[in-house]
Amino acid sequence: MDGLEQLGKRLAELDAIPGVSGDEERVAAYMQKELRPCVDDFYEDALGNQVFVKRGSNAEQKIMLCAHMDEIGFVVNHIDEKGFVSFLPVGYHDSRMVMNQVLAIHTDQGQILGITGSKPAHLVSEEESKLAIPMEELYLDVGTTNREATLALGVQVGDYITFHRRGQFLNGSTMYTGKSVDNRAGCTVMIEVMKRLAAKSIGPTVYAVASVQEEVGLRGAGTAAYAIQPDVALALDVALSGGTPRMDEKISPIAIGKGPVILFYEWEPSTGAGNNVPKRLTRKLVEAAERYSIPYQRGVGLGGSTDAYTMSISGRGAVTGCVSVPSRYIHSATGMVQLEDIEYTIQLVESFIEGYQK
């Protein structure tokens, strides 16, 4: 199995695992299986972050890598008398992307499938046809006719829900589409970086954190950074990619197939979350890419944020950046990434760590 094929296998395995924010245990088990044998230390904190430690020659130099395990999804909030299941969003969704989908409810008794029902086109008024259905009006049809039958399936208020979709490579290409490439692509990067560093002597001690609850407020990363107190931190995530019809290049100049994105600035005006990456960090990342002829893209973002925000301001603070895999169709059931971009992202992060000097 060649390198890209192995990467693809790992990405597909991770993407298939359900792991909505607050329900990341299955993803955590996979991360432990892959990383515990190749690190010097491991612990799980109270919030559920998985922390893998590779000791360097200088214990006082700490680099924190952070890839969030959670995916967007939903949570059951009501079952009506006819057996239909209402749900709330977990993370940010566009309700248009949720209509007429097959979803999986993860109950204590196992997985239950349902479809997001909607009014047939024949019955939709002209005015209604121009509007997106609000999330609170969507519901799941699980094939029952009353509340008792739905409860008998094991469905309860508080059960988490994911998109039910098998990931795949499109038409023999290295383009992978799946339900949770945000952020199982970042998890794939982190696993491979740590595996490649395992047999190497490095200067800094590396804390690789598979974090929880990023999609609902960047929570896990901040908790982990507070305990670790890193000198430098890097979020490993996906970046919104354009290059598709009706996506203005000025709005989204990032493209799939052109290498990892080194983020220079991110800000979410509605919450104030964001990170102005210090020049001394972006300069080192760019130098690492150019030294090893790794293709890269320069990125800035408005209208979203990553784990870099909470890592940068936790405890005493840390010099924090973000290296991302470009992805099309983020926050949908059909996110898309390219394996070559993942490989180049791994190479960039590995090279940065190997050459790191304070």
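Any Cβ shown, glycine's included, is placed from N, Cα and C.
In the three-state DSSP scheme, Glu214 (active site, proton acceptor) falls into the coil class. In sequence order, Ser21, His68, Asp70, Asn183, Gly220, Ala221, Thr306, Asp307 make up the list of same-chain residues 6 or more apart from Glu214 (active site, proton acceptor) whose Cβ falls under 8 Å from its Cβ. Look at TrEMBL and you will find Glu214 tagged as active site, proton acceptor.
On its own chain, Asp182 (Zn(2+) 1 binding site) has Glu71, Ile72, Asp237, Val238, Ser327, Ile330, His331, Gly335 as residues at least 6 apart in sequence with a Cβ closer than 8 Å to its own Cβ. As annotated by TrEMBL, Zn(2+) 1 binding site applies to His68, Asp182, Asp237.
For His331 (Zn(2+) 2 binding site), the Cβ neighbour count at a 10 Å cut-off comes to 18, with all displayed protein chains included. TrEMBL lists Asp182, Glu215, His331 with the feature Zn(2+) 2 binding site.
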Using the structure shown, find which entry in Glu215, Asp237 (the binding-site residues) has the sparsest Cβ neighbourhood within 10 Å.
Glu215
